């Protein structure tokens, strides 16, 4: 009878991260279980990128909030993935004529993860709107085949002073459903990435909805007060921010 003990020094660390650590070996190769889990994660990431958001279902979930579906110039998923420039430009036929203006416009865009949008966008929107009482908010723009810069031109068409783009982030092998939020003051065509603020990693094992909403609303209020966004606006909304479920403070 063998008295050997099968000790795994990485076991306690795996409960704190979705990253692949301490995979071990089976001879000169990875264990079969690790290989299968990697292949499954890769398949989920591919599905997230190629998936299509059900915008009709999304609009129903947002009701009675008014929504407007706006397509980009990328008319299908294949074009969207191979022509990023077209995903940044909304179809002018879907945009309203100049008229009423607003302080804030939300754009919910499919981006590179349909799963992220369908699972998290409505909850983040609702948590953020609750913190923005007193501000005029445009109808929610639903961006189909849209990238981040899509929100600049779309929000400008609604006369918004600040654009909040909630978008599916590029999926990784550990997180296929991460949502990002981009805040831009005075959105318009030609805005640079340095002129936006980004809150990323919003998902069940990342930044919580309430924490994300707290950060987004703080940035929006400061952007309107200081009349700027991007690298010139530093995010300092730390009080009251909760850690993800199960995470422990290092202090």
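Backbone N, Cα and C define each Cβ position, glycine as well.
What TrEMBL says about a protein is an automatic prediction, not a curated fact.
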- prompt: TrEMBL has 169, 198 down as binding adenosylcob(III)alamin; which of 148, 162 does it also list for that site?
  reply: 148
- prompt: When you measure from the Cβ of residue 148 (adenosylcob(III)alamin binding site), which residues in the chain that are at least 6 apart have a Cβ under 8 Å away?
  reply: 88, 109, 111, 165, 167, 180, 182, 193, 196
Task: Specify all same-chain residues, apart from the site residues 148, 169, 198, whose Cβ lies within 8 angstroms of the center of the Cβ atoms of the adenosylcob(III)alamin site, ordered by sequence.
output: 111, 165, 167, 180, 181, 182, 200
Statement: Sequence-ordered list of residues in the chain of residue 198 (adenosylcob(III)alamin binding site) that lie 6 or more positions away and have a Cβ within less than 8 Å of its Cβ, or none, is 180, 181, 182, 183
Message: Among all protein chains shown, how many Cβ atoms are found within 10 Å of the Cβ of residue 169 (adenosylcob(III)alamin binding site), not counting that one?
response: 23
